[in-house]
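Q: From TrEMBL, for reference:
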| type | residues | note |
| --- | --- | --- |
| ACT_SITE | Cys2 | active site, nucleophile |
| ACT_SITE | Lys604 | active site, for Fru-6P isomerization activity |
| DOMAIN | 2-218 | domain 'Glutamine amidotransferase type-2' |
| DOMAIN | 284-425 | domain 'SIS' |
| DOMAIN | 458-599 | domain 'SIS' |
Amino acid sequence: MCGIVAAIAQRDVTPILLEGLKRLEYRGYDSAGVAVVDNGALQLARAVGKVAALQDTLNNTAVRGALGIAHTRWATHGEVSERNAHPHVSSQRVAVVHNGIIENYATIREMLVAEGYVFVSETDSETIAHLIDFELRRCPSLLAAVQAAVAQFKGAYGLAVMALDTPDELVVARSGSPLVLGLGIGENFVASDVAALVPVTQRVVFLQEGDVAQLSRETWQVFDAQGEAVERVVHEASQSDVADRGGYRHYMLKEIFEQPRALADTLQERISHDALLPQSLGPAAEKLLATAENVHIVACGTSYHAGMVARYWIETLAGVPVNVELASEYRYRDVVVPSNTLFVTLSQSGETADTLAALHFAKSAGYLATLTICNSAQSSMVRESDLAMMTRAGPEIGVASTKAFTTQLISLLLIAGMLGKLRGRLTSAREAELVSHLSKAPGLVEDALKMDKAIQALSEDFADKQHALFLGRGTQFPIAMEGALKLKEISYIHAEAYAAGELKHGPLALIDEDMPTIVVAPNNDLLDKLKSNLEVVRARGGQLYVFADADTGIRSEPAIRVTAVPHMDDLIAPVVYTIPLQLLAYHVAILKGTDVDQPRNLAKSVTVE
Ligand code: G6P
């Protein structure tokens, strides 16, 4: 998704802006641009494609300056083109970069056209540049013009603005799209993600909703939505805000292999040797969880799949009815909220527009409380929820989510157990058993990662395939969905997942030797049913690839290739069976030569609707 970097310094800021943009590349984008003000001139460079292409463009120009704004764009309004790339400029004097969507841009654009403004792009963002220029004609300062402009916007924005006539001033604004200030010595910076600032400063300020900030080289001041000057806390960005590939070929592979550590970190202080510790969620948590009679889980993408697994766990362990829904659907229907319902959002980034909108709705919809399970401590969802449980995956850079998913799963199993405990459904013996399974998860995942070589060999069978079918039952059905999502995201092979019992209701028609069927088969109560489903596929000439517990008795034979998964309790199996599916998608993508960490058309953090 779009990224912003801006700087006001006493040196040329273009290298800082480019380095910042490179650090935001993982978010996904299709074009990039930079504008600087220097020596009475506003200069602009934009390029379609990667930041490297922008760098090439800059190498051939004299775009240099001590005040600058830069952007990576992920197209929403208007095609991918240089003309639509940011920064957008008005009257050769105001330049703007924008993340988000201005929903009422058409009305504002009409007014500005009537005022004589000529639009050169198809973007909503160009409207912002012209409106600020328009306001600047009647406002005493750039700050006042930005404040007057943002008051007219409906939608979401993170903005950085500069003007030719005010070379000592950078103005930024945030509403629904994150922005962070970076404080230097005699220089200040802004970015949409702290990762872009780490090379220049560790001292950061997270802007809050509705904030507008004015930065000079020596000073910074934040104003709230009412225009009042406000104090904002200065944080120290930690090393964990920075990420590198650490010797791995791709971030995704590194993140897959980090899962044992991430799971162990996520469990820390939330379990003792034989008990769950719900108080670790904060002072209000125990009472709220004990009162919950229903749970609504809302999320997008991979996080939604984690929510689907949680439904099985929470209903089993806590006996509480659970509804799991895609945020983009939930936010636009008439939701009935039964009394004492806990509202849960799941999100790696904590900034996904649909999930955040659902949370905003939920806050006034009569829920008992809102809980977010999130991987980003400074995110909007964490700030705006009553309770937060942090997944401690660390920065996840690969667009395809891996460690964020398994740490969400382990967090949800913790929550399911805590609900069961506080609602008196889980005996102490069962609680101790659950804790023992939880604490084995990092080791089991470590063992599952040893399947890497075997899966690499397996992946060769998939490289020339156009389609794949994933099957699972019970908690493994959402895991099959996640496996299919991973494969399509990074290898571009069309993949679908079905609950194995649904096979006979349609997908069976697709089975032939060109449609590999991948099956997740732990040794559980549903095994016999699953085995019958496999026979049905085999009888139709299908090729089966089964990840099976050695105790299942499923053996490799013609048309069935079995890869053994270590034995484990069924409760923890969704976490562990995810690993081979992640590795399979990774190795197939390598064979296909796709861009593993930044797959085409996708973004890491989707902050627009
Ligand atoms: C994007 C990412 C997915 C992610 C989804 C939800 O589509 O590419 O990996 O699952 O957003 O993101 P969230 O940050 O809310 O978990």
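Each Cβ is built from the backbone N, Cα and C atoms, and glycine gets one as well.
Tell me what's around each of these sites.
A: Look at Cys2 (active site, nucleophile): DSSP puts it in coil.
For the recorded site, Lys604 (active site, for Fru-6P isomerization activity), the DSSP three-state label reads coil.
Over the domain 'SIS' (458-599), the average per-residue pLDDT in this prediction is 93.
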Q: Is it possible to get the count of other C-beta atoms within 10 angstroms of the C-beta of Cys2 (active site, nucleophile)?
A: 28
Q: Cα distance, Cys2 (active site, nucleophile) to Lys604 (active site, for Fru-6P isomerization activity), nearest Å?
A: 10
Q: For the domain 'SIS' (284-425), jot down how many residues DSSP puts in helix, in strand and in coil.
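A: DSSP classes over the domain 'SIS' (284-425) add up to 64 helix, 28 strand, 50 coil.
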Q: With DSSP, how much of the domain 'SIS' (458-599) is helix, how much strand and how much coil, in residues?
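A: Per-class counts: 64 helix, 30 strand, 48 coil.
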